[in-house]
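J.: Dumping the structure here so I can ask a few things about it.
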There are 2 protein chains.
Amino acid sequence: MGRSSVEAIETKEMDYQSLPSPQHQQAPYMHKVGVPPKQNLFDEFKTTVKETLFADDPLRSFKDQSRSRKFVLGWQAVFPILDWGRSYNVSKFRGDLIAGLTIASLCIPQDIGYSKLANLAPQYGLYSSFVPPLIYAFMGSSRDIAIGPVAVVSLLLGSLLSNEIDPTTNPNEYRRLAFTATFFAGITQATLGILRLGFLIDFLSHAAVVGFMGGAAITIALQQLKGFLGIKKFTKETDIISVMKSVWRSAHHGWNLPTILIGATFLIFLLFAKYAGKKNKKLFWIPAIAPLISVILSTFFVYITHAEKEGVEIVRHIEKGINPPSVSEIYFTGDYLLKGLKIGIVAGMIALTEAVAIGRTFASMKDYQLDGNKEMVALGAMNVVGSMTSCYVTTGSFSRSAVNYMAGCQTAVSNIIMSVVVFLTLLFITPLFEYTPNAILAAIIISAVIGLIDYEAAILIWRIDKFDFVACMGAFFGVVFASVEIGLLIAVSISFAKILLQVTRPRTAILGKIPRTNVYRNIQQYPEATQVPGVLIVRVDSAIYFSNSNYTRERILRWLMDEDEQLESAGFPKIRFLIVDMSPVTDIDTSGIHAFEELHRSLQKREVQLVLSNPGRQVIDKLHASNFVSQIGEDKIFLTVADAVLTCSSKFPDVVV
Amino acid sequence: MGRSSVEAIETKEMDYQSLPSPQHQQAPYMHKVGVPPKQNLFDEFKTTVKETLFADDPLRSFKDQSRSRKFVLGWQAVFPILDWGRSYNVSKFRGDLIAGLTIASLCIPQDIGYSKLANLAPQYGLYSSFVPPLIYAFMGSSRDIAIGPVAVVSLLLGSLLSNEIDPTTNPNEYRRLAFTATFFAGITQATLGILRLGFLIDFLSHAAVVGFMGGAAITIALQQLKGFLGIKKFTKETDIISVMKSVWRSAHHGWNLPTILIGATFLIFLLFAKYAGKKNKKLFWIPAIAPLISVILSTFFVYITHAEKEGVEIVRHIEKGINPPSVSEIYFTGDYLLKGLKIGIVAGMIALTEAVAIGRTFASMKDYQLDGNKEMVALGAMNVVGSMTSCYVTTGSFSRSAVNYMAGCQTAVSNIIMSVVVFLTLLFITPLFEYTPNAILAAIIISAVIGLIDYEAAILIWRIDKFDFVACMGAFFGVVFASVEIGLLIAVSISFAKILLQVTRPRTAILGKIPRTNVYRNIQQYPEATQVPGVLIVRVDSAIYFSNSNYTRERILRWLMDEDEQLESAGFPKIRFLIVDMSPVTDIDTSGIHAFEELHRSLQKREVQLVLSNPGRQVIDKLHASNFVSQIGEDKIFLTVADAVLTCSSKFPDVVV
């Protein structure tokens, strides 16, 4: 835009000297714009539905198969274990056994800690690591994901539930509402999968998830200060200011020194183990078993020193035995049904986002395909069954999945191994956790959630896309300074705002001819590109729909006026041809065509001829259907910008100077 | 996709015979992909804000002006009358006078009828045609719009308000809520304008508006059956089924024959006048004054025959005098404040949509620019002032604006003339309307709203875009069979669904070389285009954002697998190069770059080389920032598809066969 046309004309003349000008030789070959064969309405509809809901072609393997084969394939689709189970062998089992034992040792202390985040008794965390992983092993198709309770979902669930019911005064109602929410989380996940609406979770952008996770990690770590410092009176708010006030107020008499000593010692040990595992990838098992070792050592220490009498808080009571049934506890009627549904939808979506992101990451690392919608059905089924067996919302855990992967898991059998270990723990070992100090659980959680603060990703986001960075920071500060829900709301809102911005304000560019070629490109990207005198070439970079048709029309007119102003002040002739390069315009609707009709009318008043280049399949179809082609003339539509320029300048020789 | 590569290879060989192959002569000139100069952060931010909120460059005229001149321009920006008023002259006044008198004669009977739709006493319609047009004349910039109450907004307001308060039992509260809603409608409009968020109304698509208006017209016409047939007991629902039941039940004893006779006679007269006006554009004044003539004739007839004693319902009472102040009636506190706010936002947005659509239409017909945001401020101010002077929500009326235009209006002075006539009517003539039969008002409204049913637009929408047609019909049937609110909700939802579909499921295309050119185009649009053996060229037709990055990656991989399958079954070598044409990819975000990294990894496992062609300004910038360019290699990025193909085939001669 800033480029004066004087320069353009000079360069143009130079071009003419250095290159043989095609139009002085013979009429160059020009190919016509293709009008595709008319699709019938049903076919068009079918294609749209297919691309929207069945983009991954899930029935591909069913094609051309016998009926009995289709039956087998159908069962295998629902229970992938029937498929991969047939080629299972001892060497795979060895990998799965080691991985399963490793993640089990990691999950047991984490589960006890996470259930506290959800304001539930410690055994519910263990219950949730027994049933859901089993179900997933039969129905899921990821080979690397490790199922169980996770920190962020536990925090979110705890925070949403305690908005409705106080967990300390009404623990029974609270637990019942938790199962209700879990049930509906599962229903939500399965429904999205069955209706093939899995793409809805794509609306939470990567940047927003990075910010949300980081903020949640900080919030969770702050919550652990209660256990870590041995504070008795602690705020129920989760924002950083309330927590810091709470910590500060209790500084003089509320902190417990023995607690801090135990916690700090083991936190240093855990962080050191983490560091060792990071330095040397072969030592991945050190951070994986460090939590269990910490629990065993600290529990033993408290047991022999009776530190609980010094004010060190311990787990005290943890139920023995496996999951009791809980179908009858779910609220299927009344006020809490609706509340449970609402919380379930939110928690289910977040759990889904985490699980699908993990599944995709590992699938792409091992290069196997993952059907997102099928995954959702598996995750949904496992949460529905979980809600009936005293589990709360579970999903794929990032830290445990990474350990699982590095420990050499081969299939979902590692989840079965983990589940069996948890089962044995529930049957025989739980009473031993009685003397486990809460400070250790706090230290384990802190060292686990630190990994969720992905500052490297945040830096990369800053480097690549500033708007994404705003979304990331918005979600982060929302969670840290307000609450998990508000952070989530900010993340979703900013993500949507970005989409709306994309569709209302498409980019436009002025094109110029790149020297020594026949190619026209954005003059801002290619400053060496020269504009053709008397011709303005504008490219519109988006489908033209009702949401942007008015803007597009006004923007094109503004380009024209700006250019004319410059030309006039330089004493050059005005623009005579406006070529709109439609290459990136993938579609147009009735509002878009209206806008073009109005543009055409405005241009006629200014004695500027509208010319189109390279309209796509859908566009040329609709331009014909609406008679716009005959309004501007069939001969005003070209295959390429070069063809259009050639014709414009040959018809009106004064344009070329 | 359906095209076998056998054919492609054969055609390719033919091409080689008919055209001199460039790479056998000398290395062809290849221009590098431009990396634009790095913008600094603040500039980038400024550009984005400018294009989003100040796309129309409203401060353009303020540039390079002296301070006192800027002051004058500032006042003129708020009150355009200060600008155009200085060049006002007698010849313009003649046009405005005739137009003003014509629209006044049309608006008086319409106003009385429309106020009944809003469940308000008849004088409120007249009040609303006095103050708001005056305010608009000073602040608005459209020269053709005629301001006043309109049918659809009156119906919508009446329907929303009576959900909250029953207008027959609590007329005072009802009226107060109406003023409250009007106040907030004005505030909403002005706020959108001041914050320059006017583009938000673009989210209601043209198709949805056509459907909504058509449905509202039918609903309004059905409501008139009460007055037209003289039914006393009529349903309060607005859906067609309830209304028809109501009409049917009263058929035996509830209809009033004299009423029907009067109504039918004048309806025929009105429709005939309308027809005459349509046939001969010069007779536009016949349909314009027909309503007033009908009112005068019928009123006179009832007065002398005392038909009201035969059961013919008449207006009976209409307040004399101009608008009483109503500031104190607005609810600024309490429960109704929130309800008024909610109703005001909805009614204000719909009123805005109508006014802006009208303004744009006439501005483009006379080729002057209209600043949408400034218009909104004017409309908002007029409604805020209106709410304080006993007016309800007003906007631009389509039928009266068209009459205004045809009667030769020149400026907003025609609105002032109309306003003066209404003022005189309120002062002196209102008592004469006492004997006006309701059936006449019903006939006038029916003949007015018929014009809102734009079946030609619906047919055009069907021809151009089937999805738009679904939106149109959804809104239409929603209004007719359920209610105005539900129709509106359907319209907005379908509009949004379309946007979401657009951003989640971008189109992709396989490109082929058009014979005798160096141009690559979609092989579905150009069946004569030939694919290059060993090379697959995919074009992605949208910015790649978090909302579609996963889909895009999977879709590209699916194209590759489909193609490989076909090649394998035909016994041909596999694809070795995947060229992604990025021309339409206007932007990419962090999720998009992740998707490309994953795509690159998957392709490496299949021994396929990823090649990019023509990345745009933002895209190449971000590819560099994220180091993706160095991952795939700088030499894998080309300016055009042709360059990319040339290099791929020259480096690996076996690919060209």
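Going from the start of the chain as shown, residues are counted 1 onward.
Just so you know, glycine gets a Cβ as well, placed from its N, Cα and C.
Just so you know, TrEMBL annotations never went through curation; they're auto-generated.
According to TrEMBL, the record shows the following:
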| type | residues | note |
| --- | --- | --- |
| TRANSMEM | B:145-162 | transmembrane segment |
| TRANSMEM | B:174-195 | transmembrane segment |
| TRANSMEM | B:207-225 | transmembrane segment |
| TRANSMEM | B:255-276 | transmembrane segment |
| TRANSMEM | B:283-304 | transmembrane segment |
| TRANSMEM | B:343-363 | transmembrane segment |
| TRANSMEM | B:375-395 | transmembrane segment |
| TRANSMEM | B:415-433 | transmembrane segment |
| TRANSMEM | B:440-462 | transmembrane segment |
| TRANSMEM | B:474-497 | transmembrane segment |
| DOMAIN | B:525-648 | domain 'STAS' |
J.: By Cβ distance under 8 Å, which residues at least 6 away from the ends of the transmembrane segment (B:255-276) in the same chain are close to it?
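T.: Residues 227-231, 283, 286-287, 290-291, 294, 297-298, 301-302, 307, 310-313, 437-440, 442-444, 446-447, 450-451 contact the transmembrane segment (B:255-276) from elsewhere in the chain.
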J.: Kindly say whether the transmembrane segment (B:415-433) and the transmembrane segment (B:145-162) touch, using the definition of 3 or more Cβ pairs under 8 Å where each pair is 6 or more positions apart.
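T.: Since 3 or more Cβ pairs under 8 Å link them, the transmembrane segment (B:415-433) and the transmembrane segment (B:145-162) do come into contact.
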J.: Output the single range from B:145-162, B:207-225, B:343-363, B:375-395, B:440-462 maximising the number of Cβ pairs under 8 Å to the transmembrane segment (B:474-497).
T.: B:207-225
J.: Can you name the far-off residues of the same chain, 6+ from the ends of the transmembrane segment (B:174-195), with a Cβ under 8 Å from a Cβ of it?
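T.: Same-chain contacts beyond the flanks: 53, 118-120, 124, 157, 160-162, 164-167, 201, 326, 329-331, 336-337, 339-341, 343-345, 347-349, 351-352, 373-388, 390-393.
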J.: Under 8 angstroms, Cβ to Cβ: which one of B:145-162, B:343-363, B:375-395, B:440-462 has the largest number of such pairs with the transmembrane segment (B:207-225)?
T.: B:440-462
J.: At an 8 Å Cβ cut-off, counting only pairs 6 or more apart in sequence, do the transmembrane segment (B:375-395) and the transmembrane segment (B:145-162) clear the bar of 3 or more pairs?
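T.: Output yes: the transmembrane segment (B:375-395) sits against the transmembrane segment (B:145-162).
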J.: Report the listed stretch (B:145-162, B:283-304, B:440-462) having the maximum count of Cβ pairs within less than 8 Å of the transmembrane segment (B:343-363).
T.: B:145-162
J.: Apart from its near flanks, which chain residues at least 6 from the ends of the transmembrane segment (B:440-462) lie with a Cβ under 8 angstroms of it?
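T.: Long-range Cβ neighbours of the transmembrane segment (B:440-462): 109-110, 112-114, 116-117, 151-152, 207, 210-211, 213-214, 216-218, 220-221, 224-228, 262-264, 266-267, 270-271, 274, 291, 294-295, 298-299, 315, 398-399, 468-469, 472-473.
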J.: Give me the DSSP three-state residue breakdown of the domain 'STAS' (B:525-648), ordered helix, strand, coil.
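T.: Counts, helix then strand then coil: 62 helix, 21 strand, 41 coil.
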